[in-house]
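If you check TrEMBL, you get these features:
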type: DOMAIN; residues: A:77-267; note: domain 'ABC transmembrane type-1'
type: TRANSMEM; residues: A:12-36; note: transmembrane segment
type: TRANSMEM; residues: A:81-100; note: transmembrane segment
type: TRANSMEM; residues: A:112-136; note: transmembrane segment
type: TRANSMEM; residues: A:148-170; note: transmembrane segment
type: TRANSMEM; residues: A:190-211; note: transmembrane segment
type: TRANSMEM; residues: A:218-239; note: transmembrane segment
type: TRANSMEM; residues: A:245-271; note: transmembrane segment
Amino acid sequence: MSYALYRRGGPGLRLVTIVGLVLFVVWSAAPVVWLILSSLLQQKALIARPPDLSPANLTLDNFVTVVASAAALGRGILNSLIVALFSTAVALALGAPAAYALARLSVPRANAIAFLVLATQMLPSIAIAIPLFLVISRIGLIDNVFSLGVVYLSFNLPIVIWILRGFFLGIPAGLEKAAAIDGAGVLRTFWHIVLPISIPPLGAAAVFAFVEAWNEFFFALILTRQSAQTVPLVIAAFAGQYQTVFGQMMAAALISVVPVIVLAVVFRDWIVRGFADGMMKG
Amino acid sequence: MSIQMSRRGMLQAAAAAGAAAALPFGLSSHAAAEEALTVFGPLPPDPAPPGAAKFSEAAFEAWKKAHGASVTYDLLAWPQLHDRMATAFASGSAPWDVIYMCGWVPEFVSFLTPFADELPKSLVDDLPASSFETVTWQGKRYGAIFTLSLLTLFYNKEHLAEVGFNEAPKNWDEFKRATKELTRNGRFGFVANYGDPAGIGGTASYWMAFLQQAGGKMYGEDGMPVFKSDAGVAALQMMMDLMAAGTDPGSISYASINDSTNVLLAGRASMMMNWPFMWNAAQDPAQSQIVGKLASAILPAGPAGSASIDGTDAWTVSKASKNPALARQLVEFYLDAEVQKRQALDTGWLPIRLSVLADPEVQQKLPNAAVVLEQAKHPYNSFVTPDFNQVTQAVGTEVQKALQGQKTAAQAIADASDLVTAIVKRRG
């Protein structure tokens, strides 16, 4: 529904719209609010039914405990940053030209190749876990953040290619023709004409790839030991066989999502424009 | 760049090399490098070794020094241990010397060495003989249990007193009656975690405890399932009766022992079957609303008496270990009487050594130690096999269906038996 339609509509339509939006915001924000609340409550308040939210139960102890034993969390955040930035940067560097080629150049069976790229995502992680572990183990790169980053490329690269391919398909042909008339080759056109107007979708793809890498758990579990552990593993450590320390787990989770939230806030315009462009033109 | 060496220099270098070669072996190896061991296990507060958990740290340092060893811990949250282990073993790249196991010995037996057959007699004699059942495969002992972790009954003595029970129910009839009478005032008489069918502590394993109480067993001498019996059906019927009498209906969705423990700690249920770890958690005011109200007892007896299952927390030694003898010595250190005592006093994880379990100081600090020791006098077989996960998945799923009223006890047990028979036949 457009804003104009909303303005023209009667009070009934406006009320329904507002109620719908409020419900949507509550639905979306509830998990985050609960995350924050849980991180500030004692375990016994959390396990009560209903949870005892009285101010007497509010505490910063969970944060104090998590920060006091911050070596693992700090190392986890640093590792996640390295892995996510590395795989995102390489995915963009390789994915953008690949997407451009599949979208704009005369590549034989470009659509089939694009679907083949997508098809790699259809394999369940467990199916490739052992071969992957074997290869990485044989070359001595278990517990290495860069080998983990390379593995993450296997799912980040297709994402980047598909997001950018959608955008590149919508670029007016006249732009490339004008560049060709001025003597620009394919590479120069890509570098000087196409990339500068592709910043929003590049940003969107980057944020998406970063978040995927930041949250990944399974490969991090099997391919790391102690030194390359990423944030999801550190957070999972608060859930043991016999005891789950919910408050501390939520405090650690809250601390660990800060970089992602900052990223999303800083690049929110690019994300929205990038995905909108990709969807409309793809 | 050229290097010039005088005749005197050459002689000095040769003399130094000769002297180094003449040093006693131990000294030269100390100077060269320490023997390195890697231990794979769970993060505390789950049962972790000295140096990982906070106990016997000075003794651990002394052991390393005395053995010229360095020990690296590769610790992971318990729920992720099996997956990492399975991947590493399957790819032939497991880098560990000493490995924690929890009912997985038969599954990974081809990667382990039967080191426990070489443990000193004085140590073995101080361990419950039945503690080796879950780490023995085809007559060889591949592991050593390091904490006596048996299911026992935990109950809120204040709740029980309110309905006239001055002690825990002793048999199935009392158990059902207590559950029914305790279900009042918005709380439930009993709570369990029936949400996850598989594994130690899953739905199937609870049924295994009842099965033994009813006088049944999982497998016959030929390895085929024999639980399609009166005992198998009676065990499941008991669980269903408890459900109807007043088991927290949420039990069918509580996937881990954490969930059901929290219900008891919040005072919303009165009884549960749980592991020894619960004692300390219940005494912590930060997480428990029943401080000072918890008591424990052996599991109520069925027609054949009381019985339980074993948590099977064990240390094993990898077949690929470059230092199997040193690895075995490290496990012996973990089982040292003083280390076991500190394990109990400082972490709350009960020892496995009988002499330490009987230690007055341990029993005073952990009153449930005597109960677990008493429970250990009754059967506590967890029936682990190489396909334990598949078996318990199959049985547990059928038990869940019965608990939800989708099948009768007899029907569920018959179907479970068919499924397990097929699994065992596939194993060959």
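Each residue, glycine too, has its Cβ placed from N, Cα and C.
Against the transmembrane segment (A:112-136), the recorded stretches A:12-36, A:218-239, A:245-271 differ in Cβ pairs under 8 Å, and the greatest number is found for A:218-239. Note on the transmembrane segment (A:12-36): residues 1, 6, 250, 253-254 of its chain, located 6 or more positions outside it, place their CB under 8 angstroms from a CB of the stretch.
Within the chain, the transmembrane segment (A:81-100) has long-range Cβ neighbours (under 8 A, six or more residues past its boundaries) at 145-146, 148-150, 152-153, 156-157, 159-165, 168, 190, 194-195, 198, 202, 205-206, 209-210, 213-214, 230, 259.
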